[in-house]
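J.: Take a look at the following structure, please.
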Amino acid sequence: MKRNSLSSFSISLCLLFAAVVLQAVESAKGKYAHMLFNELFEDYSNALRPVEDTDKVLNVTLQITLSQIKDMDERNQILSAYLWIRQSWYDAYLKWDKDKYDGLDSIRIPSSLVWRPDIVLYNKADDDFSEPVNTNVVLRYDGKITWDAPAITKSSCVVDVSYFPFDSQQCNLTFGSWTYNGNQVDITNSLDSGDLSDFVEDVEWEIHGMPAVKNVITYGCCSEPYPDVTFTLILKRKSSFYIFNLLLPCILISFLAPLGFYLPADSGEKVSLGVTVLLALTVFQLMVAEIMPPSENVPLIGKYYIATMTMITASTALTIIIMNLHHCGSEAKPVPQWARVVILDYMSKIFFVYDVGENCTSPKREREEEHKLEGDDVCQRRHKEVRSHLSNRNDDCDLKEKLNGNLNKSYGVHGEKVRETINCCSCYKMLIKNIEYIANCVRDHKANRAKGIEWKKVAKVMDRFFMWIFFIMVFFMSVLIIGKAA
């Protein structure tokens, strides 16, 4: 027990002694840091380029770390990003011997006290021209200065929306000195690409790289070269949101358009369905137009909307024409012979279109049709029998009329009976005329009705034909847009 207590007491004494020593060292370093600061900045000026020879080039190393993509405004073509900008250079007037200052190798001072390169974003698209954030710089004993500063940049980006929402974009971030030329300040990139290790994943865009390239450009105003470093941000849009909210509803709505041909003509909803689908697609087209920039490049989804709207307009126009064929009455001309052969004989069998009012054939329906035909034959036979009977009666009347005439001439008797016989025969003749008139009316009515039924069947066949044509068109347009996206 005594040994344990002695060991714990010795450990506590050692820790206390170490803390005192460290505090003394820190206080000593703080003392040397103040002394170093006063000596360094006694005659220092941050207005001039820190080189001993004015003809010597000052090298500035630039490194960009992308932290977050805040916004991509396609309509205004502006990329907003949160960056960490690291610049490092050597200051010839801020060096010291670290052995003189108890091994002090670096100090941190406000960046406004030292000379800083005026490196700016060339393609900046922000109205705010404020100064960079005055964060501290790290000053080493050999004169190397490292300045890390966060920045929210808004840069112009040429957006190509030809394949929206399956598009990829390349946005450039060009950094260079605003006043110093390449003979005074030379800019180099420390890495071959931007640093993406601390990137916060974006909900809309995927980052596929950020390569860096140094360019040396001679502008028309000046003969000196001006170097810059361009970071190209390669972005790929995550299209799931737009597929489920813009593309998939359009595909489902477009598949409703051919179904307008399947609606019965007597329902009165064929044209209204096409107009409703057209208005729905117009709403989606306006939504896309609000997002996209007003450029000549029409996005892929916009082309799909326009093609679908054109198809629906054509289907509505064809529906109106077919409705006119359906409502052809007795005043219309008969169905042409070519239409009777091509449409009624061949196309009706290909598209399984039967008589108007039928959906399919069945044995029961066939038996009903046979009974109907048998009934029609019976009625026709009865009609012939009646006509033959009436004609026989008419012949009898004529014979009787002749006989009675002869009897009247021969004997001059039975005048009243003869008149009765003549009146009876005239009644039969009027009855025959009335029956023939009714039969002709029924025959004409059946012919006109058959003519209207033929036109209705023609309209039904054309409806079924265009329904499959437009279904195929919608399917191939949907496959085409998905294939282009892939």
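Here the Cβ of each residue, glycine as well, is placed from N, Cα and C on the backbone.
TrEMBL feature annotations, pasted as is:
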- 1-27: signal peptide (SIGNAL)
- 35-238: domain 'Neurotransmitter-gated ion-channel ligand-binding' (DOMAIN)
- 241-264: transmembrane segment (TRANSMEM)
- 246-481: domain 'Neurotransmitter-gated ion-channel transmembrane' (DOMAIN)
- 271-292: transmembrane segment (TRANSMEM)
- 304-325: transmembrane segment (TRANSMEM)
- 465-483: transmembrane segment (TRANSMEM)
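On this model, are these features tucked inside or out on the surface, and what's nearby?
T.: Long-range Cβ contacts of the transmembrane segment (241-264) within its own chain (Cβ-Cβ under 8 Å, at least 6 residues beyond either end) map to 164-165, 204, 270-271, 273-274, 277, 280-281, 284, 287-288, 301, 304-305, 308, 311-312, 315-316, 318-319, 322, 463-464, 466-468, 470-471, 474, 477-478, 481.
For the transmembrane segment (304-325), the list of distant contacts is 247, 250, 254, 257-258, 260-261, 265, 270-271, 274-275, 277-278, 281-282, 284-285, 288, 298, 455, 458-459, 462-463, 466, 470, 473-474, 477, 481: same-chain residues at least six beyond its ends, Cβ to Cβ under 8 Å.
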J.: Residues of the same chain, at least six outside the transmembrane segment (465-483), with any C-beta under 8 angstroms of its C-beta?
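T.: 247, 251, 254-255, 257-259, 261-262, 300-301, 304, 307-308, 311, 315, 318, 322, 347, 351.
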J.: Take the domain 'Neurotransmitter-gated ion-channel ligand-binding' (35-238) and average the pLDDT across it for me.
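T.: It averages 89.
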